[in-house]
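Each remark here refers to the structure printed beneath this line.
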């Protein structure tokens, strides 16, 4: 039986395959796409991705069913958490101007299997987002015609009562997705032009909603007679926050489009900041006017804003809002259909997904196969699935991507720069002498992510400590940490930080409700896991990080990413158990795809050196003769010495 068990070397090699990172090209600006998007184009893409169904649908849904008028607070918290994640995306998007968004960022810093799972979930995120927006688009258009489309479909096609499925097939939603797919396939310039037109109309309608809404506002709708400002309490606010993340999904379309930006180092951070700020302000102000116009418990979740104007006697205004909201949702559809094929392209280009999706049309310079295939899948989802079930499922994939991108930022900051030899700070072992070996061009193939980016100036003084090494000020107190290789302690601390955050948030969410912990144990566990989180954060902070760079950097590292991690995990745990069950099933499907296809076709797998089967070794005995001994060995990890393996001439003592 023992001979069938895997050897430790095989397990080690297998784990190394799972955690290998992506090797970036020397020229990261080189691409098969068309770099034609400006800062304004990216900003409007981000606004179009965020200001749509979230503004016209989720505001009413969350206000009536989850948080009440305190939906305002839910949007503020969701906006803050999204800001922390957006800053991480901005740093990565500027440094790695490649398509793929969270998938690419995780691949170049954390590891392959984690990147695949993030990409797999982002793929589902965009598919669900597009389908949900298409159904919202259909519902708003139907409301303009007094639900005649719905009644006609139920009468002539039929209706069904099946969990997670829509009551009737939504042919209108499927049709609009197919039309949008056709436009997206014409190229990035056409998509950007269409997005400009719809975004301008949408922003005009939002401005009208705010002006008319404040004119019609009635403060009594927040009074105790109507249930108060926060009828569902803090729990309702936080549950609403988790759902409100659907509103801010769109900003990562900017990072996904960085490979088509003219100057991504400057355009990506600016576009993310501008679009997120404008979208957050719009959500907060529209939530205020909506809950002040009519009592929150009387809102229509399917078309809250248009219905509020109808009920206040302004039918013409309701018609204008409904028409404007359709234009806003068009921008979200374009955003989802624009981003999804590019993420699939990045995965296919790396060999982790089916190669057919890596084909780029020579004339339009877009991944047309991915656009068509996933456009059809979106249309199928919109045809038969229920909007509410889709929205809940969407948030968990978004939050998971945010969490891994934040962790990747910490890992990136404490990696070594180009040319470093990873030796302990203390211990007295000198650096190895230079020797002959492979050329620098051969070594570049195996350089780290930080080496490619050249984040630290190579001309700095030798006395300055490298990233990942213990700061000199703390060495007298934490001398035992100097014995580890640079970055090794930080990596362990990041894992410990995430585990502590999961345990801490689990106690906060389930301690009183599901676990029914007594007060003393609840407080003790909170203190222990909080201490573990803070100690991990402190352990990361006492090490040197990279500072010198020509691109945007998120401030207050590791604090800012750590706050993003703990807030994202907390919001994930607030989602329903059915959402987690569906998420687990989707993850299992993703692992099946990865282990059956991705791990074997990965380009990083092809870059790994092939084992040498034969090597010659020579031993000089005291008698002066030379004996050759040939045996099969594993390839050495040390550089070549320059000596030939065979055919050595006789030598003398």
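Using N, Cα and C of the backbone, Cβ positions are placed for all residues, glycine too.
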Candidate ranges 14-35, 102-123 [criterion: TrEMBL lists as transmembrane segment]: 102-123
Transmembrane segment per TrEMBL - which of 467-488, 489-510: 489-510
The annotated transmembrane segment range in TrEMBL, which must be one of 149-170, 391-412, 413-434: 391-412
Chain residues in Cβ proximity to the transmembrane segment (554-573) (below 8 Å; excluding those fewer than six residues from its ends, i.e. six or more beyond): 80-81, 84-85, 87-88, 90-91, 238, 241-242, 245, 395-396, 399-400, 402-403, 406-407, 409-410, 413, 497-498, 501-502, 504-506, 508-510, 533, 537, 540-541, 545
The transmembrane segment (391-412) vs the transmembrane segment (314-338): 3 or more CB pairs under 8 Å: no
Remote residues contacting the transmembrane segment (197-217) - C-beta distance under 8 A, at least 6 residues beyond either end: 44, 47-48, 51-52, 55, 282, 285-286, 288-290, 292-293, 305, 309, 312, 314, 317, 320-321, 323-325, 327-328, 330-331, 334
Annotated stretches the transmembrane segment (272-294) and the transmembrane segment (171-190) touching (3 or more Cβ pairs under 8 Å): no
Long-range neighbours of the transmembrane segment (171-190), counting only residues six or more past its ends (CB under 8 A): 33-34, 36-37, 130-131, 134-135, 137-138, 141-142, 149, 153, 257, 260, 330, 333-334, 337-338, 341, 361, 364-366, 368, 371-372, 375-376, 378-380, 382-383
Intrachain neighbours beyond the transmembrane segment (70-90), with Cβ under 8 angstroms and 6 or more residues off its ends: 59, 62-63, 101-102, 105, 229-232, 236-238, 240-241, 243-245, 247-248, 251-252, 254-255, 268-269, 272-273, 276, 280, 283-284, 287-288, 291, 402, 405-406, 408-409, 552, 554-555, 560-561, 563-564, 567-568, 571
